[in-house]
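Here's the structure, in structure tokens; my notes come after.
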Ligand code: NAD
């Protein structure tokens, strides 16, 4: 019977957060407390939980956070005006707009309105472009967290064949770019791929970011693959609901050498890297005179 290593995302996130906390303490000693502005539009319960978690983690590592809670029927011009204010505010180092936004708001326009130096989600085209050129920038948090876990399990990734299942702008595409930067051979599978399980069986590393509960099972894997499950899906069972990933954990465990659980795998890493990006943003701004209140 195969017994895979269960990759502990909570423990890894604690390591990253401890390092962030240490860096924040050093910055605070110089009078430079990092500050994250979080914008939440409407009352979506899941988004409220995400925002609350981010604010709580900020407090734990000593990052100041400012919440902007806007009504669901707000118009686009008002959201863009708030972003402009936050861009101009020298006390604010990072800006996070919680997605999804209500229908009347153009998400792409809001993302592109954020000053790329404060874009701690790494979604602005300037940061996306820098990532694809292999230049330093603010990189998206979830793929950065996946890379941290992969490096923990495998060390050097050079020459590994990585298959990314999903091509979204927030996970699949930046994930592929980071794996390429780490010298992997990268295949990206998506909804139009033909015979995805066969292609996936070639992989040393599988990243599942599909948004389909338990799609990827043992049939998609070769023996010894390392499996990172980004998916977060709530499924209904007899008398309750349960969170599952895009990987069928029980089935995949028959072949994987190492696998992330859901919950407790990639999820905690995303917030940890959001806070790391906030500190990185501050440091980047310090190199630009006048960009921070303490200069
Ligand atoms: P998305 O819906 O934007 O993209 C899904 C991708 O999967 C698409 O590119 C599509 O082409 C591909 N796809 C769909 N069906 C497929 C199939 N049968 N075979 C191969 N590819 C297929 O999703 P997303 O925003 O990238 O999120 C993916 C999952 O990750 C979701 O479950 C989401 O909740 C989760 N997520 C988790 C975190 C975290 O912090 N852990 C962060 C972001 C997203």
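A Cβ is built for glycine as well, from the same backbone N, Cα and C atoms used for every other residue.
Curation does not apply to TrEMBL; its annotations are automatic.
Residues or ranges marked as domain 'Tetrahydrofolate dehydrogenase/cyclohydrolase catalytic' in TrEMBL: 7-121. According to TrEMBL, the domain 'Tetrahydrofolate dehydrogenase/cyclohydrolase NAD(P)-binding' annotation covers 140-285. Taken from TrEMBL, the feature NADP(+) binding site applies to 166, 167, 168, 232.
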Around the Cβ of residue 167 (NADP(+) binding site), the count of other Cβ atoms that are within 10 Å: 18
Local Cβ density at residue 168 (NADP(+) binding site) - other Cβ atoms counted within 10 Å: 15
Residues in the domain 'Tetrahydrofolate dehydrogenase/cyclohydrolase catalytic' (7-121) grouped by DSSP into helix, strand and remaining coil: 61 helix, 19 strand, 35 coil
